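Taken from Swiss-Prot as is:
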- 27-108: domain 'GST N-terminal' (DOMAIN)
- Cys37, Pro38, Asn65, Arg66, Lys79, Val80, Glu92, Ser93: glutathione binding site (BINDING)
- 86-230: domain 'GST C-terminal' (DOMAIN)
Amino acid sequence: MAPSFIFVEDRPAPLDATSDPPSLFDGTTRLYTSYVCPFAQRVWITRNFKGLQEKIKLVPLDLGNRPAWYKEKVYPENKVPALEHNGKIIGESLDLIKYLDNTFEGPSLYPEDHAKREFGDELLKYTDTFVKTMYVSLKGDPSKETAPVLDYLENALYKFDDGPFFLGQLSLVDIAYIPFIERFQTVLNELFKCDITAERPKLSAWIEEINKSDGYAQTKMDPKEIVEVFKKKFM
């Protein structure tokens, strides 16, 4: 379960091409992120739910004007998220949320139960299909094209009855999906008049429940900004 305390954190200003780098590889654990990137948001949420706000420093980047030193000295892939820890850099959001859960102290975000772990692994693998389908739908008929993957999530939420989340209690699976649900719920409703929760009561309840979590709520984007970002990048 997520920590019960509320840690209020000010968001640092994003670093851009004019910004000096931090003191790299000085023993500080840093999460290089972007406030608009759903993949990076996964790791940010995990950090918060583990209660690691004071142990992992946020280093947000301006992806539209990113500093050259990031690619040259930190992460040659030049993407976010990336974690600077113990003198090395680790990337890829799904790998990172597992790494944070397995490496750092704090509440476990993946169950011990074999059946739940097996289903959780299946759902984590499905994120690629889900994300690709949702983005591709923006060029066609989202109401029709997103239905199969949204129905998949709706049905998955019936699997366990010991809580409102995919594996009953909140886990890495919920964290992997919520940044994308957050964005597409807003974009499809605002631009296509498509309600992704219509006739999907479990998905609706899941969204309502996870929005109560402070560790997630502090990472959310402004809905107006979501729409503007999608208009600019994908439409």
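In case you wondered, yes, glycine gets a Cβ from its N, Cα and C as well.
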Grab the pLDDT values for the domain 'GST N-terminal' (27-108) and give me their mean, rounded. 98
Can you tell me how spread out the glutathione site is, meaning the largest CA to CA distance among Cys37, Pro38, Asn65, Arg66, Lys79, Val80, Glu92, Ser93, in Å? 21
With neighbours defined as other CB atoms within 10 A, the best-packed of the binding-site residues Asn65, Ser93 is Ser93
Should one count Cβ atoms within 10 Å of each candidate's Cβ, the binding-site residues Cys37, Val80 would be headed by Val80
Tally every other Cβ atom lying within 10 Å of the Cβ atom of Lys79 (glutathione binding site). 20
By DSSP, how many residues in the domain 'GST N-terminal' (27-108) are helix, how many strand, and how many coil? 33 helix, 17 strand, 32 coil
For Pro38 (glutathione binding site), the same-chain residues 6+ apart in sequence with C-beta under 8 angstroms from its C-beta are Pro179, Phe180, Glu182, Arg183
